[in-house]
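A.B. asks: As listed in TrEMBL for this protein:
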SIGNAL    1-26  signal peptide
DOMAIN    35-148  domain 'Plastocyanin-like'
DOMAIN    162-317  domain 'Plastocyanin-like'
DOMAIN    416-551  domain 'Plastocyanin-like'
Amino acid sequence: MMERGVLNFLVAILSMSTLCSSSAQAAVVEHTFNVGNLTVERLCKERVITAVNGELPGPTIRAHDGDTIVVHLVNQSPYSITVHWHGIFQVMSGWADGPGYITQCPIAAGNKYTYRFNVVGQEGTLWWHAHISFLRATVYGALIIKPRHGTKAYPFPDPYKEVPIILGEWWDANVVDVENEALAAGGVPNISDAFTINGRPGDLYPCSQHHTYKVELEQGKLYLFRLINAALSHQFFIRAAGHSFTVVAVDASYTTPHSAQVLLLAPGQTVDALLLADAVPAGDYYLAARPFISTPPSPASFIFNNSTTTALLHYSTTTSSPPTMPSLPAFNDIPAAYGFYTNLTGLIGPGRPSAPLEVDENLFVTFGLGLVPCVPDRPMCLAASMNNISFQLPEKTSLLEARFGGGSDGVYTEDFPVRPAVEFDFTNVKERLDPSVLVVKKGTKVKRVRYNATVEVILQNTAVLGTESHPIHLHGFNFFVLAQGIGNFNASAAAPTYNLLNPLVRNTVAIPAGGWAVIRFIANNPGMWLMHCHLDIHLSLGMAMAFEVDDGPSPSTSLPPPPPDLPRC
């Protein structure tokens, strides 16, 4: 089969040296992002959205490892905004990371800010998105990093073409209002009305026959699909009818080549996958995505968007024909989801990262939903937390500004607990009735870590107010995913399963519903780095914490002062 041929060729390529000497100079990649209103038609209606440069998705940034990226953001929208460069390490440029009130105050309407950062030791598919309120629903785009100038292209066969595919979510409503109404009501937001591929719902939705993204294929050619999940609240199964994928990278980190019929991406994650255009007969095929719902359905009240978004794969030498639809897993196919995530491993070899064996800091972090005291006419409101602390954003300055000023200055405290305040049967749904578990506390607490320390975090999902898979994203670092499992973490049982040889390297990991994962990273980047659930409403509800990483011993390992145009609160 052609699929086996691709895999054999990959094995041969990986046995060769992948780097050569380079004398090329790094480039400066410069963009201007004009953020403003855009009127688009979707699902039979016109809707005014917030967008960048009048595009949905926004502009694709293409750079090489070693380049400097400069983005001048001009906020012509009615909302304050920030942009996060998801997965970029921001080495010595933490002021450009972008999460609102963490590394900067938001850019107010009518104001501007220049994001400037270097790409250091990274290549692959990343992305950028708004990092304040639900504006991420329409303010996003791809950030593609090629290997350093003058080096061999990839540790796999060069593709004929590269195809960015961004999965998104569409509300037939103002998304800022959707979030605000949910928070005001102390609950969850209304479900979305459609899913999208590159901003288009696909022709399975009403009035969308002309809103289907189209990919032209040539028979026998190899394509690199760069897939990004930009949705606010859904993981996606994705499959191409008549074709198979070979996964070669996730989150801009190379993987051992892995053949898969179906891919799965949690919000915030990216997958690079090769597709050989070898369908017989050549014709039209759907690339289709539908949600993976990890929450066990409740017969009475379980409501979710179970629709399917499509793009069209069209062979250029053929006339149009009725597209073939792929068979996708059931929306609640937990074994398929768990199998995909756990079968991926990191690529090893010269120049590839290796997991540290010694650990300096250990954290056991539980996370889930809960309740907090609310307004007088509603005693309790929905909240989310890590280690029973519901994270609260500051209002008068950013955490990084407070840190740079020489102390927390009353903005935050350095006492984020390294273990949950209450130990309980984390994945037992009956525990939700215990007030000591159900009710959480608000706070702006960070964990301080010395420069270059190795940090291990056990991430334990809980069943309080329901179980679901949470995509946990860490700013400023990649991490090694050493192990994952279902149920409560047990150190003696889990330790022998740690993959220290070729662990997957990610910046966002989907923790199984009612399960756990162990991650490890080296804190070699001074600054203030958010760790949070990438289901957007969960971040708003407080499922987050931050690592405060100390400066190193020299000026080159210490965070420089903020740029003069850093927005003020």
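The backbone N, Cα and C atoms fix where each Cβ goes, glycine too.
In TrEMBL, annotation is done automatically, which means it is predicted and not curated.
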A.B. asks: Reported in the order helix, strand, coil, what are the DSSP residue counts of the domain 'Plastocyanin-like' (416-551)?
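C.D. replies: Per-class counts: 22 helix, 60 strand, 54 coil.
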A.B. asks: Treating G and I as helix alongside H, and B as strand alongside E, what does DSSP give for the domain 'Plastocyanin-like' (35-148) in helix, strand and coil?
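C.D. replies: Per-class counts: 8 helix, 58 strand, 48 coil.
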A.B. asks: Restricting attention to the domain 'Plastocyanin-like' (162-317), give the mean pLDDT.
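C.D. replies: Over the domain 'Plastocyanin-like' (162-317), the predicted model scores a mean pLDDT of 94.
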